[in-house]
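Chemist: What follows is a structure written as C-alpha coordinates; I'll ask about it next.
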(Lines of atoms letter the chains of each structure in order from A and count residues from 1; the text may use other names and numbers.)
(Lines give C-alpha, C1' and ligand atoms only; values in the text may rest on other atoms or scores of the structure.)
Protein backbone atom coordinates (compact mmCIF):
# COMPACT_ATOMS: atom_id res chain seq x y z
CA UNK A 1 0.00 0.00 0.00
CA UNK A 2 1.58 3.33 -1.09
CA UNK A 3 1.83 6.47 1.03
CA UNK A 4 -0.91 8.26 -0.94
CA UNK A 5 -3.40 5.46 -0.28
CA UNK A 6 -2.52 5.43 3.41
CA UNK A 7 -2.95 9.22 3.55
CA UNK A 8 -6.36 9.03 1.83
CA UNK A 9 -7.53 6.33 4.23
CA UNK A 10 -6.35 8.44 7.17
CA UNK A 11 -8.07 11.57 5.87
CA UNK A 12 -11.25 9.61 5.25
CA UNK A 13 -11.19 8.35 8.81
CA UNK A 14 -10.64 11.86 10.19
CA UNK A 15 -13.38 13.34 8.03
CA UNK A 16 -15.77 10.53 9.00
CA UNK A 17 -15.11 11.18 12.65
CA UNK A 18 -15.57 14.92 12.16
CA UNK A 19 -18.91 14.40 10.46
CA UNK A 20 -20.28 12.51 13.46
CA UNK A 21 -21.30 15.82 15.05
CA UNK A 22 -24.97 16.75 15.04
CA UNK A 23 -26.49 20.13 15.82
CA UNK A 24 -30.09 20.48 16.88
CA UNK A 25 -31.59 23.97 17.05
CA UNK A 26 -34.13 24.84 19.72
CA UNK A 27 -36.83 27.49 19.49
CA UNK A 28 -37.59 30.16 22.05
CA UNK A 29 -41.24 30.03 23.10
CA UNK A 30 -43.47 31.93 25.48
CA UNK A 31 -43.82 29.80 28.58
CA UNK A 32 -47.26 28.98 29.92
CA UNK A 33 -46.35 30.94 33.04
CA UNK A 34 -45.39 34.07 31.08
CA UNK A 35 -48.53 33.78 28.98
CA UNK A 36 -50.62 33.84 32.12
CA UNK A 37 -48.72 36.88 33.41
CA UNK A 38 -49.23 38.70 30.09
CA UNK A 39 -52.96 37.97 30.08
CA UNK A 40 -53.41 38.70 33.79
CA UNK A 41 -54.69 35.19 34.48
CA UNK A 42 -54.65 33.50 37.87
CA UNK A 43 -51.07 32.43 38.61
CA UNK A 44 -50.14 28.82 39.15
CA UNK A 45 -47.62 28.28 41.96
CA UNK A 46 -44.20 27.05 40.92
CA UNK A 47 -44.02 23.35 41.70
CA UNK A 48 -40.72 21.85 42.75
CA UNK A 49 -40.13 18.97 45.10
CA UNK A 50 -37.67 16.21 45.86
CA UNK A 51 -38.99 12.70 46.23
CA UNK A 52 -36.93 11.26 49.06
CA UNK A 53 -38.52 7.85 48.59
CA UNK A 54 -36.64 7.33 45.32
CA UNK A 55 -32.94 8.03 45.05
CA UNK A 56 -32.02 10.99 42.83
CA UNK A 57 -35.57 11.73 41.77
CA UNK A 58 -36.45 15.36 41.16
CA UNK A 59 -40.06 16.20 40.44
CA UNK A 60 -40.25 18.97 37.86
CA UNK A 61 -42.82 21.51 36.69
CA UNK A 62 -42.69 22.13 32.93
CA UNK A 63 -45.12 25.08 32.86
CA UNK A 64 -42.11 27.46 32.82
CA UNK A 65 -40.37 25.84 29.86
CA UNK A 66 -39.05 28.33 27.28
CA UNK A 67 -37.11 26.20 24.78
CA UNK A 68 -38.28 23.28 22.62
CA UNK A 69 -36.79 21.12 19.87
CA UNK A 70 -38.39 19.10 17.10
CA UNK A 71 -37.79 15.34 16.90
CA UNK A 72 -38.96 13.30 13.89
CA UNK A 73 -40.48 9.95 14.85
CA UNK A 74 -41.08 6.76 12.86
CA UNK A 75 -40.81 6.04 9.15
CA UNK A 76 -43.41 8.77 8.53
CA UNK A 77 -41.07 11.28 10.26
CA UNK A 78 -43.83 12.72 12.42
CA UNK A 79 -42.56 16.08 13.79
CA UNK A 80 -43.21 16.33 17.52
CA UNK A 81 -42.09 19.10 19.89
CA UNK A 82 -40.05 18.07 22.92
CA UNK A 83 -38.58 19.57 26.04
CA UNK A 84 -34.89 18.57 25.89
CA UNK A 85 -34.37 18.00 29.59
CA UNK A 86 -31.01 17.32 31.24
CA UNK A 87 -32.83 16.96 34.56
CA UNK A 88 -34.61 13.71 33.61
CA UNK A 89 -33.91 10.52 31.68
CA UNK A 90 -37.26 9.40 30.25
CA UNK A 91 -38.51 9.90 26.69
CA UNK A 92 -42.22 9.90 25.95
CA UNK A 93 -44.64 11.18 23.32
CA UNK A 94 -48.45 11.34 23.32
CA UNK A 95 -49.94 8.29 21.63
CA UNK A 96 -52.74 8.56 19.07
CA UNK A 97 -54.99 6.86 21.66
CA UNK A 98 -54.23 9.47 24.32
CA UNK A 99 -57.34 10.45 26.27
CA UNK A 100 -59.77 7.90 24.81
CA UNK A 101 -59.94 5.63 27.84
CA UNK A 102 -63.35 4.99 29.34
CA UNK A 103 -63.63 5.72 33.05
CA UNK A 104 -64.29 2.10 33.97
CA UNK A 105 -60.95 0.95 32.56
CA UNK A 106 -58.99 2.41 35.47
CA UNK A 107 -58.47 -0.05 38.27
CA UNK A 108 -59.80 -3.10 36.40
CA UNK A 109 -57.82 -6.32 36.78
CA UNK A 110 -55.58 -6.83 33.75
CA UNK A 111 -57.48 -9.94 32.58
CA UNK A 112 -60.71 -7.94 32.27
CA UNK A 113 -59.19 -4.66 31.17
CA UNK A 114 -57.50 -6.08 28.08
CA UNK A 115 -60.81 -7.56 26.95
CA UNK A 116 -62.87 -4.43 27.47
CA UNK A 117 -60.51 -1.49 26.92
CA UNK A 118 -57.84 -0.16 24.62
CA UNK A 119 -54.37 -1.60 25.36
CA UNK A 120 -53.03 1.69 26.69
CA UNK A 121 -55.83 2.04 29.22
CA UNK A 122 -54.79 -0.97 31.29
CA UNK A 123 -51.46 0.36 32.52
CA UNK A 124 -52.53 2.54 35.44
CA UNK A 125 -53.01 1.20 38.94
CA UNK A 126 -54.70 4.28 40.34
CA UNK A 127 -57.38 6.69 39.15
CA UNK A 128 -56.36 9.95 37.53
CA UNK A 129 -58.11 12.89 35.96
CA UNK A 130 -57.19 12.36 32.34
CA UNK A 131 -57.68 14.85 29.56
CA UNK A 132 -58.12 14.64 25.83
CA UNK A 133 -54.74 15.46 24.27
CA UNK A 134 -56.31 18.23 22.23
CA UNK A 135 -53.25 20.49 22.46
CA UNK A 136 -50.73 17.83 21.49
CA UNK A 137 -49.38 16.34 18.30
CA UNK A 138 -49.55 12.57 18.71
CA UNK A 139 -47.58 9.55 17.49
CA UNK A 140 -49.36 6.84 15.51
CA UNK A 141 -47.39 3.60 15.44
CA UNK A 142 -49.74 2.14 12.81
CA UNK A 143 -48.40 4.65 10.28
CA UNK A 144 -44.76 3.70 10.82
CA UNK A 145 -43.33 0.66 9.03
CA UNK A 146 -40.45 0.54 11.53
CA UNK A 147 -42.56 0.58 14.69
CA UNK A 148 -42.78 -2.29 17.16
CA UNK A 149 -44.67 -2.42 20.43
CA UNK A 150 -42.39 -3.01 23.39
CA UNK A 151 -43.11 -4.74 26.68
CA UNK A 152 -43.94 -2.75 29.76
CA UNK A 153 -45.90 0.21 31.02
CA UNK A 154 -44.77 3.40 32.74
CA UNK A 155 -46.01 6.29 34.84
CA UNK A 156 -44.30 9.56 35.75
CA UNK A 157 -45.53 12.13 38.26
CA UNK A 158 -44.28 15.68 37.85
CA UNK A 159 -44.42 18.68 40.15
CA UNK A 160 -47.52 19.68 38.20
CA UNK A 161 -49.24 16.88 36.30
CA UNK A 162 -48.54 13.29 35.34
CA UNK A 163 -48.16 11.08 32.26
CA UNK A 164 -48.56 7.33 31.79
CA UNK A 165 -48.92 4.69 29.10
CA UNK A 166 -47.19 1.81 27.35
CA UNK A 167 -43.88 1.49 25.49
CA UNK A 168 -42.85 1.17 21.87
CA UNK A 169 -39.70 0.99 19.76
CA UNK A 170 -39.09 2.97 16.59
CA UNK A 171 -36.58 5.09 14.72
CA UNK A 172 -36.20 8.76 15.51
CA UNK A 173 -34.27 11.66 14.04
CA UNK A 174 -32.70 13.66 16.87
CA UNK A 175 -30.72 16.57 15.44
CA UNK A 176 -29.84 14.53 12.36
CA UNK A 177 -28.96 11.36 14.29
CA UNK A 178 -31.12 8.46 13.10
CA UNK A 179 -31.38 5.47 15.43
CA UNK A 180 -33.72 3.06 17.21
CA UNK A 181 -35.04 3.94 20.64
CA UNK A 182 -37.51 2.60 23.19
CA UNK A 183 -39.92 5.34 24.25
CA UNK A 184 -43.09 5.86 26.22
CA UNK A 185 -46.41 6.28 24.45
CA UNK A 186 -48.62 8.36 26.70
CA UNK A 187 -52.25 7.27 26.76
CA UNK A 188 -53.12 9.40 29.78
CA UNK A 189 -51.98 12.94 30.51
CA UNK A 190 -53.07 14.98 33.47
CA UNK A 191 -55.01 18.09 32.49
CA UNK A 192 -52.09 20.31 33.52
CA UNK A 193 -49.75 18.71 30.97
CA UNK A 194 -52.39 18.05 28.32
CA UNK A 195 -53.47 21.69 28.29
CA UNK A 196 -49.94 23.04 27.75
CA UNK A 197 -49.75 23.91 24.05
CA UNK A 198 -46.00 24.53 24.00
CA UNK A 199 -44.73 20.97 23.84
CA UNK A 200 -45.86 17.46 23.03
CA UNK A 201 -43.50 15.30 25.08
CA UNK A 202 -40.32 15.12 27.17
CA UNK A 203 -36.92 13.90 25.99
CA UNK A 204 -34.64 13.21 28.95
CA UNK A 205 -30.87 13.54 28.55
CA UNK A 206 -29.64 12.47 31.99
CA UNK A 207 -28.30 9.04 32.99
CA UNK A 208 -30.24 5.79 32.71
CA UNK A 209 -30.15 5.26 36.48
CA UNK A 210 -32.94 7.83 37.03
CA UNK A 211 -35.27 6.53 34.32
CA UNK A 212 -38.54 5.46 35.94
CA UNK A 213 -38.44 2.10 34.13
CA UNK A 214 -34.65 1.87 33.53
CA UNK A 215 -34.96 2.58 29.80
CA UNK A 216 -31.82 3.74 27.97
CA UNK A 217 -32.21 7.50 27.26
CA UNK A 218 -32.14 8.52 23.57
CA UNK A 219 -28.69 10.12 23.47
CA UNK A 220 -27.08 7.12 25.14
CA UNK A 221 -28.98 4.83 22.73
CA UNK A 222 -27.36 6.74 19.85
CA UNK A 223 -23.95 6.28 21.46
CA UNK A 224 -24.57 2.55 22.00
CA UNK A 225 -25.56 2.14 18.34
CA UNK A 226 -22.38 4.00 17.29
CA UNK A 227 -24.34 6.70 15.50
CA UNK A 228 -22.08 9.17 17.26
CA UNK A 229 -18.43 8.88 18.26
CA UNK A 230 -18.33 10.64 21.60
CA UNK A 231 -20.81 10.55 24.48
CA UNK A 232 -20.60 14.29 24.90
CA UNK A 233 -23.07 17.06 24.11
CA UNK A 234 -23.03 20.83 24.54
CA UNK A 235 -25.99 23.06 25.36
CA UNK A 236 -25.92 26.68 24.19
CA UNK A 237 -28.92 28.90 24.91
CA UNK A 238 -29.17 32.36 23.44
CA UNK A 239 -29.24 35.35 25.79
CA UNK A 240 -32.53 36.54 27.27
CA UNK A 241 -34.72 38.91 25.27
CA UNK A 242 -35.02 36.83 22.11
CA UNK A 243 -38.43 37.12 20.40
CA UNK A 244 -40.89 34.26 20.66
CA UNK A 245 -40.39 31.52 18.02
CA UNK A 246 -36.90 32.82 17.27
CA UNK A 247 -33.74 30.72 17.26
CA UNK A 248 -33.22 29.96 20.93
CA UNK A 249 -29.94 28.09 20.83
CA UNK A 250 -28.50 24.76 19.81
CA UNK A 251 -27.69 21.34 21.28
CA UNK A 252 -24.47 19.98 19.77
CA UNK A 253 -24.27 16.18 20.02
CA UNK A 254 -20.87 14.52 19.83
CA UNK A 255 -18.61 17.51 20.46
CA UNK A 256 -17.94 20.83 22.10
CA UNK A 257 -19.75 23.75 20.45
CA UNK A 258 -16.87 26.01 19.39
CA UNK A 259 -19.20 28.11 17.24
CA UNK A 260 -21.20 29.59 20.12
CA UNK A 261 -18.92 29.00 23.13
CA UNK A 262 -15.52 30.36 24.14
CA UNK A 263 -12.67 27.88 23.95
CA UNK A 264 -11.79 27.49 27.64
CA UNK A 265 -13.73 24.66 29.32
CA UNK A 266 -13.49 23.98 33.04
CA UNK A 267 -14.78 20.59 34.17
CA UNK A 268 -16.05 19.27 37.46
CA UNK A 269 -16.72 15.59 38.21
CA UNK A 270 -20.29 14.59 38.94
CA UNK A 271 -21.33 13.43 42.37
CA UNK A 272 -22.90 10.35 40.77
CA UNK A 273 -24.08 9.08 37.38
CA UNK A 274 -27.68 10.15 37.90
CA UNK A 275 -28.37 13.64 36.67
CA UNK A 276 -25.75 16.36 36.26
CA UNK A 277 -25.10 16.96 39.94
CA UNK A 278 -21.88 18.34 41.38
CA UNK A 279 -20.51 20.39 44.28
CA UNK A 280 -20.95 24.15 44.53
CA UNK A 281 -18.08 25.26 46.76
CA UNK A 282 -19.54 28.65 47.64
CA UNK A 283 -21.91 31.39 46.49
CA UNK A 284 -21.44 35.14 46.84
CA UNK A 285 -23.70 38.09 46.10
CA UNK A 286 -21.45 41.09 45.60
CA UNK A 287 -18.84 40.90 48.37
CA UNK A 288 -21.09 38.87 50.68
CA UNK A 289 -20.84 35.09 50.86
CA UNK A 290 -24.26 33.54 51.37
CA UNK A 291 -25.49 30.09 52.34
CA UNK A 292 -23.64 26.90 53.12
CA UNK A 293 -20.43 25.87 51.42
CA UNK A 294 -19.77 22.65 49.50
CA UNK A 295 -23.40 21.88 48.71
CA UNK A 296 -24.93 19.75 45.97
CA UNK A 297 -26.21 21.50 42.85
CA UNK A 298 -27.54 20.35 39.49
CA UNK A 299 -27.54 21.88 36.04
CA UNK A 300 -30.98 21.49 34.44
CA UNK A 301 -32.23 22.69 31.05
CA UNK A 302 -35.76 21.81 32.17
CA UNK A 303 -35.80 24.62 34.74
CA UNK A 304 -36.25 28.19 33.49
CA UNK A 305 -35.02 29.95 36.66
CA UNK A 306 -32.30 29.34 39.26
CA UNK A 307 -33.40 27.45 42.35
CA UNK A 308 -31.67 28.65 45.51
CA UNK A 309 -31.85 27.71 49.20
CA UNK A 310 -34.62 29.59 51.00
CA UNK A 311 -32.25 31.60 53.19
CA UNK A 312 -30.15 32.74 50.22
CA UNK A 313 -33.26 33.59 48.21
CA UNK A 314 -34.58 35.76 51.05
CA UNK A 315 -31.27 37.58 51.49
CA UNK A 316 -31.06 38.42 47.78
CA UNK A 317 -34.60 39.79 47.73
CA UNK A 318 -33.73 42.04 50.67
CA UNK A 319 -30.41 43.11 49.15
CA UNK A 320 -31.96 44.32 45.88
CA UNK A 321 -35.11 45.75 47.46
CA UNK A 322 -37.39 43.54 45.38
CA UNK A 323 -41.09 43.03 46.06
CA UNK A 324 -43.39 40.07 45.58
CA UNK A 325 -46.51 39.95 43.45
CA UNK A 326 -48.80 36.94 42.81
CA UNK A 327 -46.48 35.73 40.06
CA UNK A 328 -43.01 36.09 41.56
CA UNK A 329 -40.38 38.57 42.74
CA UNK A 330 -40.37 41.84 40.79
CA UNK A 331 -38.01 44.76 40.41
CA UNK A 332 -38.36 48.01 38.41
CA UNK A 333 -37.23 47.48 34.83
CA UNK A 334 -35.03 50.60 35.13
CA UNK A 335 -33.34 49.07 38.15
CA UNK A 336 -29.77 49.95 37.19
CA UNK A 337 -26.96 47.63 38.20
CA UNK A 338 -27.31 45.11 40.99
CA UNK A 339 -24.40 43.18 42.54
CA UNK A 340 -22.93 40.25 40.65
CA UNK A 341 -23.56 36.66 41.68
CA UNK A 342 -20.45 34.48 41.87
CA UNK A 343 -20.62 30.70 41.95
CA UNK A 344 -17.39 28.89 42.75
CA UNK A 345 -17.21 25.41 41.20
CA UNK A 346 -14.06 23.28 41.35
CA UNK A 347 -11.94 26.35 42.05
CA UNK A 348 -13.32 28.46 39.20
CA UNK A 349 -15.56 31.49 39.62
CA UNK A 350 -18.62 31.90 37.39
CA UNK A 351 -20.15 35.36 37.40
CA UNK A 352 -23.77 36.22 36.69
CA UNK A 353 -24.60 39.90 36.29
CA UNK A 354 -28.06 41.40 36.69
CA UNK A 355 -28.41 40.99 32.91
CA UNK A 356 -28.52 37.25 33.60
CA UNK A 357 -30.60 36.97 36.77
CA UNK A 358 -33.17 39.71 36.06
CA UNK A 359 -35.54 38.91 33.17
CA UNK A 360 -38.28 40.93 31.53
CA UNK A 361 -41.50 38.89 31.46
CA UNK A 362 -43.58 41.50 29.66
CA UNK A 363 -43.35 45.15 28.58
CA UNK A 364 -43.64 46.65 32.05
CA UNK A 365 -42.56 43.82 34.34
CA UNK A 366 -39.09 42.61 35.30
CA UNK A 367 -38.51 39.68 37.60
CA UNK A 368 -35.80 38.03 39.66
CA UNK A 369 -35.12 34.80 37.76
CA UNK A 370 -34.86 32.72 40.92
CA UNK A 371 -37.10 30.68 43.16
CA UNK A 372 -36.83 29.30 46.66
CA UNK A 373 -36.35 25.59 47.28
CA UNK A 374 -35.92 23.40 50.30
CA UNK A 375 -33.77 20.31 49.99
CA UNK A 376 -33.40 17.44 52.42
CA UNK A 377 -31.42 14.24 52.30
CA UNK A 378 -30.01 13.46 48.86
CA UNK A 379 -31.65 16.35 47.03
CA UNK A 380 -29.68 19.26 45.58
CA UNK A 381 -29.53 22.59 47.41
CA UNK A 382 -29.42 24.53 44.13
CA UNK A 383 -30.69 24.12 40.56
CA UNK A 384 -28.80 26.03 37.89
CA UNK A 385 -31.41 26.53 35.21
CA UNK A 386 -31.57 28.61 32.05
CA UNK A 387 -30.10 31.91 33.36
CA UNK A 388 -26.84 30.12 34.19
CA UNK A 389 -26.85 28.08 30.97
CA UNK A 390 -27.40 31.22 28.86
CA UNK A 391 -24.24 32.68 30.42
CA UNK A 392 -22.13 29.52 30.33
CA UNK A 393 -22.39 26.73 27.76
CA UNK A 394 -22.81 23.38 29.51
CA UNK A 395 -20.65 20.53 28.21
CA UNK A 396 -22.01 17.13 29.30
CA UNK A 397 -19.32 14.44 29.20
CA UNK A 398 -21.26 11.29 30.05
CA UNK A 399 -18.43 8.81 29.51
CA UNK A 400 -16.18 10.52 32.05
CA UNK A 401 -19.09 11.51 34.30
CA UNK A 402 -18.27 15.19 34.38
CA UNK A 403 -19.72 18.51 33.26
CA UNK A 404 -17.83 21.47 31.88
CA UNK A 405 -18.60 25.17 31.58
CA UNK A 406 -17.45 27.59 28.90
CA UNK A 407 -18.49 31.21 28.61
CA UNK A 408 -21.10 31.84 25.93
CA UNK A 409 -19.99 34.12 23.10
CA UNK A 410 -23.19 36.06 23.85
CA UNK A 411 -22.17 36.61 27.47
CA UNK A 412 -23.25 40.09 28.64
CA UNK A 413 -20.96 41.56 31.31
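Any Cβ shown, glycine's included, is placed from N, Cα and C.
Nobody curates TrEMBL annotations by hand; they come from automatic prediction.
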Chemist: For the transmembrane segment entry in TrEMBL, name the matching range from 6-26, 27-47.
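Modeler: Result: 6-26 is the stretch TrEMBL calls transmembrane segment.
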Chemist: Starting from the Cβ of residue 98 (disulfide bond), draw a 10 Å sphere and report how many other Cβ atoms land inside it.
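Modeler: Residue 98 (disulfide bond) is surrounded by 25 other Cβ atoms within 10 Å.
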Chemist: Listed recorded positions are 85, 98, 133; which of them have CA atoms within 10 A of the CA of residue 300 (active site)?
Modeler: 85
Chemist: Report the member of 85, 300 (the active-site residues) whose C-beta atom has the most other C-beta atoms within 10 angstroms.
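Modeler: Result of the Cβ crowding comparison: 300.
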Chemist: Return the residues near residue 133 (disulfide bond) by Cβ distance under 8 Å, restricted to its own chain and a separation of at least 6 in sequence.
Modeler: 94, 98, 99, 186, 189, 194
